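What follows is one structure encoded as structure tokens, with my remarks underneath.
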Amino acid sequence: MKWAAPRGVHLAMAGEGTRSPGLAIGAREAQWVAKLLHLPAEPVLESIESSKAINQKASTCLPLSLGDGRFLFLKKGSAEHLDEKRRWRTGKSLSAEHAFYTRALPCLSRGSAGLPLVPRCLGSWTSRTGDLELASESQRLGEELGIEGELLLLLEDARHVADGEVLGQVGPSPGGMTSSQARAAVRWLARFHKTFSGSPSQDLDVWPQGGYWSYAKRVVVSQGAGQKLPVDTTSRRIGEEWEGLVERLGDSAPELRDVRVFGLPFDEALGESAGSLSRILARGCLEEHRRCLLHGDYKAANIFVGEDGDSATAVDFQWSGWGLPGVDLAYFLCTSLNESALGEVDELASVYFEEFGGESGSFSFELDVSIADYVRYLVADMWSNLDSEKIDENRLCSNVGMHKRSLKHLTKVVMLGARSLENLYGNAGEASTRRTLARLFTCVVKLAQMAGDIVAASWAGRGTIGVTNKGYEGDFDPQTEADVAAERLIVGVLSQLFPEIMLIGEEGESSDRDEENVENALRELDGALKDIAPWEIQLPPKVDLKRDVTVWIDPLDGTKEFLRGDQQGVTTLIGVAIAGTPVFGAVCSPFSERGRTVWGGLGVGGAYEQGREEVMGTARPLLPPPSPRRDGLKRIVTTRSHGNAAIEEAAKELGGETLKLGGAGRKILMLLDGTADSYVFPSKGTKRWDTCAGEALLLALGGKLLKATDGTPYSYDAESAKDPYNDEGLVASIHDLEDSCRACRKAKL
């Protein structure tokens, strides 16, 4: 049969420009459907030709009525016609939808109590196979017929998945779901999340973080001339866009003029919280946390409900991926309610929680984080150029969130975001101290990177790096110009910004400064210390900044390795202790491929890593390494340059492989990465500035660094600065601490 493009499924739509041939649905697709359903091709093609296509930028959808009582839906997707950036993102979304229907959905058993109702997939084909070997009959048929595009799905029509009931979508006017419809929708969502809560990855090619508005997908990074570090523009954009929105809406939304959060202007609180919100949500995407599979685009336009408000289902899983369940719920509440249901946000959250279960405190916190993060996206990205006239134009656009169709909804969403931020700030307490420490911790990360750049830059001129010997009684303890310059920068900046806090540096350069480098760094850091929100800081009670806080600095850990050319043994270490306990650390590896910096601690509730070109808001959360290690071998790391009989005895007692390496920072990173199990050094040799930053990171992942003699921790308080030597040796581990301590106690210092 010779096929011509049927009416309603043209390659171009009015006002849309040229569409990809990969979106056309015709004879090949009809044959594919017919073979899957064991039908003649003619009635399938007739149904295609008579159906009204639903065209979107990267998909064509057709309802099929085949005359045998079956109501189906044919969806075809392609990103080939889009620009490079959108092509990758849309292509990934097509892969995610294919993965959901072919790998996640089959685990659901239709009709089982408590399971969500989802349209079944009767056939699938994709050109985006990657490394997957897809052996289904529908995939084979698609390849045999030469289907074009990137995705083809044959689905049950969502309107007909409930027994004895036809489901429907919300109409464009007045828009939004009623209270009964919304309750059915949140109950479905809770069942969906519960079904896939804590799910293993199952090799699903879904988004690592579900939803299209996540910080990592939307962040804009800039780096001006002369700047050492990339700049996250999110906070600035939030301020500029919020000011513009309030001005454009003017007297039509007077409530927005003075929205405040704990005394702060709304946009300032939202801007300084953006990175913290992002990191918490990123942690929620990991298997070891409270993650579940998200729908990723759970709005009224993708939801079908029954007239009685009991049944519901959803479609369009292109943004499905991992995350905290509150992400989907927040998006739904902010986009999909009518004016009446808008006043029942708390009741709808309770309906969800009653269905999903769990611990109420965690649920409330996660929902606050999710709402605030979605409002961050709206202010920074979605409400640009929005005004009363555009809101009125959008009034009947059913695929647009209600916050862009109704001024009342927009105002309510802002107030929800402000309330969520109030909850986050209010539960933190001690605002002034937390704000100072949030700035200090951010500054420590950026100074570790800047100092690492000084160390890396000095490598090109290593033949004239001015080596001196700090050692006594014949010991060789080298100091280079890079050590001195890096410490002068760190101490110079910190002493200017935090004069009340005690600084202890290995090189003793606190009284000498490189004025030009310090002033340049201060200019760059001005206004750039908002990457950690005060409410993210976790503190012991009653912290006195002057008395309790110490900063330990090793600007170039592994100087001997640096001189030997062992670049991987070189790190910059900055650790922060409160009342003697390390609570935050930054370890920069200036010679690593990506310029890696690992930072965090109990003071921020976790540990993260980022590359030289990345920003703190997109830093990736670290998890404790597996135990035992994946290769099954026990690996011990110890000193290269301070070896003695006690070290040999401890290593022998532990068994396994022993690596002798220089650089305390490198050995700590190996524990964090799981490439070593224990770091044993039952001997003198290290000092507090060698271990403070690393110990903070170990504590964040459940590990410890202890004295080799008795298994007690070292103190990093101001008094210990008088004698900073770790004279009782050390043992450090995340999983093998007990065995390592026992082995070290048997060895004699």
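Note that Cβ sites are derived from N, Cα and C of the backbone, with glycine treated the same way.
Some features that TrEMBL has for this protein:
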BINDING   E506, D554, L556, D557, D690  Mg(2+) binding site
D557 (Mg(2+) binding site), number of other Cβ atoms within 10 Å: 29
Residues close to Mg(2+) site centre defined by E506, D554, L556, D557, D690, Cβ within 8 Å: D483, I553, P555, G558, T559, T571, T572, L573, A664, G665, W689
Largest tally of Cβ atoms lying within 10 Å of a Cβ, found at which of the binding-site residues E506, D554, D690: D554
Other CB atoms, at most 10 A from the CB of L556 (Mg(2+) binding site): 30
